[in-house]
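Right, one structure below, let's go through it.
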Amino acid sequence: MGWDGDEGNLTSVNESETTTYADDGEGEGGCPTSELTFYEGPLGVSFAVPFWEAAATALVLSLIILVTIVGNILVILSVFTYRPLRIVQNFFIVSLAVADLTVALLVLPFNVAYSILGRWVFGIHVCKMWLTSDVMCCTASILNLCAIALDRYWAITDPINYARKRSLKRVLLMIGGVWILSGVISSPPLAGWNDWPEVFHSSTPCQLTSQQGYVIYSSLGSFYIPLLIMTIVYAEIFVATRRRLRERARASKLNAVKQNERRAARTLGIIMGVFVVCWLPFFLMYVILPFCSTCCPSDKLINFITWLGYINSALNPIIYTIFNLDFRRAFKKLLHIKSAT
């Protein structure tokens, strides 16, 4: 989800010059309005940072985009081309991969350009659509994670009844609900629930609305409620799995049971740990800044926290497939990698 710093004055300098940031006093929200300095690069293009830093940043962020695209395309192709994976519950994985793929295709390229240029050059209408797509795609990714957690919970706690209920129609309805809810959460700013400027200037930031009511509404729907649900559900899954393994201990070797318990705990810990590490910093920043007039994080910190959330879209296909032997086999088949004998 995109965010940027406050609007400031613009200055362009050559690479060799020493840059100083002039404090023009208090800006909107109590933060000092700094003079924005730009560095001349090749072909007359100016950047918000020295050219070497812009090039390095573009390279790293482009690699993240590439990994996200390739990983999620492999997940989608695996489900549709590898027979053992063509089961209804894996459509949740496909929906998650589609959400993460749209993040990589529709959101991240604009953010790369914005990060290194230091200004929005695509106009007000593209800005609004970009921000809406950003919120919708990231929300869909998070809600798909929540749907996967619920599906696993029902499958483990009520396996017989849920096996009958888990039809293709039911799964598609849940997936449709995820995307509709994502649209409901992301679209209000387009209908006027925003504090966006009417006219964009060269120094006008393209950023998420800081309208306090919408911030609370969207953060609850996009993150905090799904986080609460996932925490409760995965805790219940762990307890149920642990109980089931202990019941089987009489017919199994104790060491094998303990090993399965450790594996289950590790898997659930990685899923929740990566999700929280990637997204919690952003949503804390997202909620705090509109209510804290003296909180003025640097643009670099804001960009880092924002991209930490985006990285979750690159990690999802790894996390949700690395523990599945069929997905590993499908990946090897698609990449023409022969398994060691």
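Glycine too: its Cβ is placed from the backbone N, Cα and C atoms.
Feature annotations, courtesy of TrEMBL:
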| type | residues | note |
| --- | --- | --- |
| REGION | 1-29 | region 'Disordered' |
| COMPBIAS | 9-21 | compositional bias 'Polar residues' |
| TRANSMEM | 54-80 | transmembrane segment |
| DOMAIN | 71-320 | domain 'G-protein coupled receptors family 1 profile' |
| TRANSMEM | 92-117 | transmembrane segment |
| TRANSMEM | 129-150 | transmembrane segment |
| TRANSMEM | 171-194 | transmembrane segment |
| TRANSMEM | 214-240 | transmembrane segment |
| TRANSMEM | 268-289 | transmembrane segment |
| TRANSMEM | 301-323 | transmembrane segment |
Sequence-distant contacts of the transmembrane segment (214-240), meaning Cβ under 8 Å and at least 6 residues beyond its ends, amount to 135, 138-139, 142-143, 145-146, 149-150, 152-153, 156-157, 181, 184-186, 188-189, 193-194, 264-265, 268, 271-272, 275-276, 279-280, 283, 286-287, 290
Over the domain 'G-protein coupled receptors family 1 profile' (71-320) the mean pLDDT stands at 89
Comparing 54-80, 129-150, 171-194 for Cβ pairs under 8 Å with the transmembrane segment (92-117), the winner is 54-80
Stretch winning on C-beta pairs under 8 A with the transmembrane segment (171-194) (pool: 54-80, 129-150, 268-289, 301-323) is 129-150
Note: vs the transmembrane segment (301-323), the recorded stretch with the largest number of Cβ pairs under 8 Å from 54-80, 129-150, 268-289 is 268-289
For the transmembrane segment (129-150), the distant same-chain contacts (Cβ-Cβ under 8 Å, at least six residues beyond its ends) come to 1-2, 92-93, 95-96, 99-100, 102-103, 106-107, 110, 122, 174-175, 178-179, 181-183, 185-187, 189-190, 206-209, 218, 221-223, 226, 229-230, 233-234, 237, 275, 279, 309-310, 312-313, 316, 320
With the cut-off at Cβ under 8 Å and a gap of six or more residues from its ends, the chain residues touching the transmembrane segment (54-80) are 39, 41, 47-48, 86, 90-91, 93-94, 97-98, 100-101, 103-105, 108-109, 111-112, 115-116, 307, 310-311, 313-314, 316-318, 320-321, 327, 330-331, 334-335
